C-alpha cells in the first residue's frame, strides 16, 4: 500500500491499435546528419523500393547555387561519369553533379516490437512498423566513372592492336558440359554470396511518388495512423489480461533467447541434460565419458529414473566389457565420418575399435603393436581407440581403465548372457575380416562370470624365461642352418650349388618356416644380413632363378601372388621409386580398403613382397647411404621401376645408375651425365620430368625418393 501511495495514478489513457498502415509503414533514419538538419525542404526527385528486400533508394537535388558548392568539382565529376557526350542514359543531364542518391540498409530484421504512436484528444493510437531503414549517401557514381575510364583504355588498346594486325587470330574455344548437380552442391550454391546477390538483383524496382510533409496527400495518409473504429469491440487485441498485454507489448527477443553462455564442447551441462529424453541422456553421457560403470550412470541420471529403462537404453549405445559399459564404435564414428589422422572411413575405424574392445573382453592388458599388426591401422588411430578405454603402463602395455565390476555381473545375469551372445557374433565377424586363427585365439570366458586374473611383472618375466629355455634347442638349430646358408652363398660367386629336391613334407615345412621368418610388420627387419643385393634369400639368389626382371615361380597358378603382383605393378607405375618401408605402408593402406575376406588377407611376408617387386620389372638400387645414417633396414632397400614403356625409360635408367654410386647429387651433374649418355642435350622439361618421377630436392641436392633423412 505504501508503494501505491508514493506512486499514484496520474491519468488513464485509452490505447488503440491502428491497422490501416500496418504493412506499409516504414521509419526512415538519416544517421549521417543530426536531427536538426532534416531533408524535409530538399526536393526529392525520385523514389523506388524493392518490397521483399525492404530496400529503398531516394534521389535528392543538390543546391548548385549555394556558395558552398564547388562548381568546378561538380563539372569534373559529371564529366568522369558521363563523358563528353550527353545522352538519355547520362546520370547528370545538366553536365553538373546536381543530385545525390541515398540507399537504405536494415537496422533490424525484427520490427514486431516497434510502433509509431500518435497522441490525439486523450487517446494513444499505435501503428506497427513494417520496417526500419537507415538511408546513407550512395557513391555508385564513382563506380560508373571507373567503368568509363576502363572502357576508354580498352578502346584505345583495341585501336592500336587493330592497326598492327591485319586480321584477328583464331581463338580456341573450350566447350564444357555441366554434370548433374548433387543435393549438397545445390545447397552450397544456394547459400553462396553470388547466388544471393543474383537473387536480390532479380527483384524489380517499384517506382514511387514522393509527397512532402505539407502536401495534402500526406495529410490525408496521416489520418490512417488513427484507429478507424469508433467502438472498442474491433480492438480485441488490447482486451487482454495484464500479463498477456505485457507479453504482447514486450515479447521476448529471439536474439536474447539464443544469447546463452556456450560451454566448451567437452563440457556437459547437467541442467540441459535433464531436458532431454532418457535415451538421449544415456547416449550423450556415454559419448562424452566413453567408459562407465552402471552405478555411476544411475547416479548421473538421478534417483527417480527406472533402472530397467536405463538397462534397456544403455544396450542400444554401449557394449559390456569386464562388467563396465563402453560406448559403441558407430556412435563415435558415424557413417560418413573419417579418421583425422589417416583418412580411413568410419567402417574401417569401427571394425578396428571393435577388435580392441573384444581384446579387452579376453584380458586386462592389450599391446598396441599387436592391435596395429592385425587391424593394419596407423599408430595414431590405434592410440585413439586405446585412450577411450584404457591407460598405458610402462613396459606392460595398455590396461583397461576401470576395475572388473563383479557386482553388476552377479546382479544382472540376463544382460550378461545377452551381451555374451553379441560378442560371439562380433568375434565371428572379426575372425572372418582379420583372418584370425581360432586355435590360437583365447577362449572367451563363459558370460564373463569371473574377473580376469592379473599377472604380475615378475610372473611375466619368469614365463618368458621358461619359454626361452624351451625354445633354446630350436634356436640353436636355426642359427646353424643360417650359418650354413651364408657359407654356401659366399663359397664362389661363379659356382652353382646343386640343391636336392625336398620331399612334400619337407617342402611344406620349409615353406612354413619361410612365411614365419618374415611376417608383414611395421617394425624394422633384423634379418638384413641374410639377404643379398636384391633382397632375395641367399639360397634362392645362388640358383639365379629370381633375379631382376624374372617372374616369381608359381605366380600364374597362385591367386595371392597374382593379386600382389597387380598391386605392385600399379603402385610402381605411379611412384617409379619406393623404399621397402614405404611400399609396406602403401600395401597396408591397400589392405585396409579391401572388402572383408579378400584373398590378400591370407598373409603376405616381406620375402614374398620383395620377390613380387623384382618379378614386376623392378630393380633394387644399392644406394650408398652414409655410415651415420639413421635409416632403418627397410628404408635402405630402394626399388625402382626399370622399364615403364614410355620415352623416359633411358633417362630414368641413367639417373638410377648415378644414384647407385652417389647418395645425393647436384642437378648440373645429373644434366651433364644425361647429355653424355643420350648423345644430345635434353630440354629443361625433360630433365624436370625425370627428376620429378624419381627424386626429391632438399638443400640444393637431389635424393632418390624416400632416402632423405630428416
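Just so it is clear, glycine is given a Cβ too, placed from its N, Cα and C backbone atoms.
These numbers come from a predicted model, not from an experiment.
Residues or ranges marked as compositional bias 'Basic and acidic residues' by Swiss-Prot: 146-155. Same-chain neighbours of the compositional bias 'Basic and acidic residues' (146-155): 80-83, counting only residues six or more beyond its ends whose CB sits under 8 Å from a CB of the stretch.
Residues or ranges marked as region 'Disordered' by Swiss-Prot: 146-169 (among others).
What Swiss-Prot records for 161 (among others) is phosphoserine, and it gives a large-scale study or a structure entry as the kind of evidence.
The phosphoserine annotation in Swiss-Prot covers 162 (among others).
The feature phosphoserine is assigned by Swiss-Prot to 192 (among others). In the three-state DSSP scheme, residue 192 (phosphoserine) is classed as coil. For residue 192 (phosphoserine), no same-chain residue 6+ apart in sequence has a C-beta under 8 angstroms from its C-beta.
Neighbours of residue 224 (phosphotyrosine), defined as other CB atoms within 10 A of its CB across all chains, total 17. Annotated phosphotyrosine per Swiss-Prot: 224, in sequence order.
Residues or ranges marked as SUMO1 cross-link in Swiss-Prot: 498.
Annotation comment: Swiss-Prot describes 498-526 (among others) as region 'Disordered'.
Feature annotation from Swiss-Prot assigns compositional bias 'Acidic residues' to 502-520.
If you look up Swiss-Prot, you'll see 503 (among others) marked as phosphoserine, on the strength of a large-scale study or a structure entry.
Per Swiss-Prot, the feature region 'Required for Pol III complex stability' maps to 558-710.
DSSP assigns residue 224 (phosphotyrosine) to a helix. For the region 'Required for Pol III complex stability' (558-710), the predicted model reports an average pLDDT of 86.
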